[in-house]
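Feature annotations, reproduced from Swiss-Prot:
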BINDING   Gly81, 84-85, Ser89, 91-94, 109-117, Ala121  5-phospho-alpha-D-ribose 1-diphosphate binding site
BINDING   Gly81, Asn112  anthranilate 1 binding site
BINDING   Ser93, Glu226  Mg(2+) 1 binding site
BINDING   Arg167  anthranilate 2 binding site
BINDING   Asp225, Glu226  Mg(2+) 2 binding site
Amino acid sequence: MADLKPYIAKAASGEPLPLGDAKAAFDIMMSGQATPSQIGGFLMALRVRGETVPEIAGAVASMRSRMIPVIAPDDAMDIVGTGGDQSGSYNVSSCTAFVVAGAGVPVAKHGNRALSSRSGAADALAALGINIEADADTIGRSISEAGLGFMFAPMHHSAMRHVGPSRVELGTRTIFNLLGPLSNPASVKRQLVGVFAPQWLEPLAHVLKELGSETAWVVYGDGLDEMTTAGTTQVAALENGQIRTFEITPEEVGLRRCSPAELKGGEAAENAKALLGVLEGKDSAYRDIVLLNSGAALVVAGKAENLKDGIAQAVQSIDSGAALAVLQKVIAVSNDKPA
């Protein structure tokens, strides 16, 4: 039986693990050969010292080697936040996914239940009536017929069951928050990824480049793991093999600046109701932040020329009823009913 203890000692000493060692350590954890306390100790040793790009890449390699894949079109994208930002905000990326799909871009959405917040993507989508435990074939059909499929992380990364209890007991963000957006079961090549701290912007853009992404924006919104309308958003954009950084304010793209309090969400049922309200065309700060993120996603997808163009397309997706129609189709297909 392989032993995690040498890797714990190495991480705790402050020494970075090479990619091969990181993969080996995650292979041990993902195959059930480590105790919950060993897993917790290893994850916190990495967090306190600070995870490195090779460690993240090694961990992703371990996860990808075990995942149940989903077939999606080549132009499909993911819109996902790492979580762990402690903001308790609405489910921005989930709502954004429907708007982007309504604008004609296939979305393979990867997500989980809440670990460090009150409502994760899976919690809100389940509250809306989506079967989050649909199998890979059904999800593939949902992407092709409805324009969006939701991939519930534990269904595709069953090896995660070995680390889940430790993550919940820790109750704080770990390297696994970084891994979810990098381990999409549909192997998408276009991503809008929100991170919980600005120091991860460029490292994650580099990891995505190493892992074969074509276009990606990694964003941090002044305390949110999404682009924000309550402050300034920092972006590390991977485009044409190059990574560039820039900032965006809501005013420069014609959106109203709101207060952080206006973006506060609640439990899953409350967040689901608010998400439905946005798709039904209700005006709110939640709608504005979804428009901003949708505009960016449409730029990443190559559907929009620039952010203002993307936001205009997002407005059309909502106001025409297209985004709401995507939700209704996904509910039907995920529950094995005709779209």
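Quick reminder: no glycine exception, Cβ is built from N, Cα and C everywhere.
Shown on the structure are the features that Swiss-Prot records.
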residue: Gly81; record: 5-phospho-alpha-D-ribose 1-diphosphate binding site; Cβ within 10 Å: 32
residue: Ser89; record: 5-phospho-alpha-D-ribose 1-diphosphate binding site; Cβ within 10 Å: 26
residue: Ser93; record: 5-phospho-alpha-D-ribose 1-diphosphate binding site; Cβ within 10 Å: 27
residue: His110; record: 5-phospho-alpha-D-ribose 1-diphosphate binding site; Cβ within 10 Å: 26
residue: Asn112; record: anthranilate 1 binding site; Cβ within 10 Å: 23
residue: Arg113; record: 5-phospho-alpha-D-ribose 1-diphosphate binding site; Cβ within 10 Å: 19
residue: Arg167; record: anthranilate 2 binding site; Cβ within 10 Å: 21
residue: Asp225; record: Mg(2+) 2 binding site; Cβ within 10 Å: 29
residue: Glu226; record: Mg(2+) 1 binding site; Cβ within 10 Å: 30
Based on DSSP, name the secondary structure state of Asp225 (Mg(2+) 2 binding site): helix, strand or coil.
coil
What is the separation, in Å, between the Cα atoms of Glu226 (Mg(2+) 1 binding site) and Asn112 (anthranilate 1 binding site)?
16
Going by Cα-Cα distance, which of the binding-site residues (Asn112, Arg167, Asp225) sits nearest to Ser89 (5-phospho-alpha-D-ribose 1-diphosphate binding site)?
Asp225
